[in-house]
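Taken from TrEMBL, the feature region 'Disordered' applies to 353-393. According to TrEMBL, the feature transmembrane segment maps to 37-58, 64-87, 169-188, 200-220, 232-252, 264-289, 296-317, 323-340.
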Amino acid sequence: MAAVGSGGSTATAGPGAVSAGALEPGTSSAAHRRLKYISLAVLVVQNASLILSIRYARTLPGDRFFATTAVVMAEVLKGLTCLLLLFAQKRGNVKHLVLFLHEAVLVQYMDTLKLAVPSLIYTLQNNLQYVAISNLPAATFQVTYQLKILTTALFSVLMLNRSLSRLQWASLLLLFTGVAIVQAQQAGGGGPRPLDQNPGVGLAAVVASCLSSGFAGVYFEKILKGSSGSVWLRNLQLGLFGTALGLVGLWWAEGTAVAHRGFFFGYTPAVWGVVLNQAFGGLLVAVVVKYADNILKGFATSLSIVLSTVASIRLFGFHVDPLFALGAGLVIGAVYLYSLPRGAAKAIASASAPTSGPCTHQQPPGQPPPPQLSSHHGDLSTEPFLPKSVLVK
């Protein structure tokens with residue numbers, strides 16, 4: 001499911017909700033720290049729980065639900081939630097809400113139609129995730145799915161003319177190497193697997209999902225730069241397109257079976273948990289992500305990989321061998337390095353350089369120290385480009 005920030009910029013908002021001028025410095029710092037910890041917890045739980053819950057629901061004995069219906073239901077619930085939030089913003093005035101939606105959706109139809117392409121890609125991506133998780137262990141999927149960082153970075157360079165630092169290029173190479181090692185371990189056996197799983201199909205699905213995620217995120221940012229639409233309006237528009245396109249995909253892929261057995265065939269509490277996670281998880285992240293800087297988001301991704309691996313061992317009997325541990329470790333390190341701000345990356349690079357000699361910079365006596373590096377930047381040009389982590393289709 002997709003949840004977006006206002007104007008398409010979702011990954012760069014700093015902790016602006018806590019105003020330093022409105023609170024005492026100590027209170028502001030403590031509140032900010034609490035919000036960061038809450039953001040970290042939400043990001044870790046949402047990243048890991050969705051993959052684990054899908055894997056659990058798809059491996060339960062008994063009738064298997066139709067993945068296409070779960071995708072449609074998630075879009076419907078997301079759209080209804082955003083509609084209710086917009087209704088609340090209009091103070092419960094139905095007339096004002098109808099006029100607002102008429103203007104935003106129908107009168108400005110060209111702006112609405114721009115969302116058709118990313119919505120189509122995200123709907124495809126949602127279905128591909130079910131295919132991938134059904135054919136790969138949850139931990140293997142979680143590690144491999146980090147290739148979306150690589151695809152998003154490449155599309156951002158090609159479509160937005162962004163530049164990456166040397167450390168970022170090195171971290172992308174490290175990321176690819178780690179994923180390749182994990183996939184080599186998977187192809188080499190990696191322990192027993194159910195007969196109905198096909199690792200080749202799972203790998204193809206997750207790679208296609210990463211490509212679609214990278215392209216859609218960058219395309220979405222490109223077409224909506226400068227847009228004034230609210231976060232809930234954008235998600236409502238995506239939900240409308242997602243529902244319509246999801247129904248088309250359902251009819252094309254599983255229409256006969258759904259007509260014969262019913263839309264909610266195979267639905268259990270676990271399946272409803274997956275649907276609710278997809279529908280509300282991304283919206284929740286859209287709210288809390290503005291309190292999380294890029295380093296925190298990278299750390300959350302790394303923690304979610306660890307959590308998924310540990311849970312997979314407990315829930316699914318996943319076996320961690322040295323090859324998987326090496327590949328996953330490289331991916332975790334690459335995610336963290338890529339998330340570092342440019343200033344911090346330069347500091348790391350300079351730390352390994354000689355500190356003596358004519359090139360060493362000395363702070364002149366009596367001069368104020370240079371400003372401390374911060375991971376919060378309002379300017380997009382000063383931040384490393386991360387995949388829009390709130391575009392979590």
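The backbone N, Cα and C atoms fix where each Cβ goes, glycine too.
Through the fold, the transmembrane segment (323-340) approaches residues 139-140, 143, 146, 149, 153, 167-168, 170-172, 174-175, 177-185, 188, 190, 294-295, 297-299, 301-302, 305-306, 309, 348, 384, 386 of its own chain, all at least 6 residues removed from its boundaries and within a Cβ separation under 8 Å. When each of the listed stretches 169-188, 200-220, 232-252, 296-317 is scored by C-beta pairs under 8 angstroms to the transmembrane segment (37-58), 296-317 comes out highest. Through the fold, the transmembrane segment (169-188) approaches residues 136-137, 140, 143-144, 146-147, 149-150, 153, 199, 203, 321, 323-324, 326-335, 337-338 of its own chain, all at least 6 residues removed from its boundaries and within a Cβ separation under 8 Å. Listed as Cβ neighbours of the transmembrane segment (64-87) (distance under 8 Å, sequence separation of 6 or more from its ends, same chain) are residues 1, 3, 57-58, 94, 97, 100-101, 123, 126-127, 130-131, 134, 230, 232-233, 235-236, 238-240, 242-243, 246-247, 249-250, 253-254, 257-258, 263-268, 271, 274-276, 278-280, 282-283.
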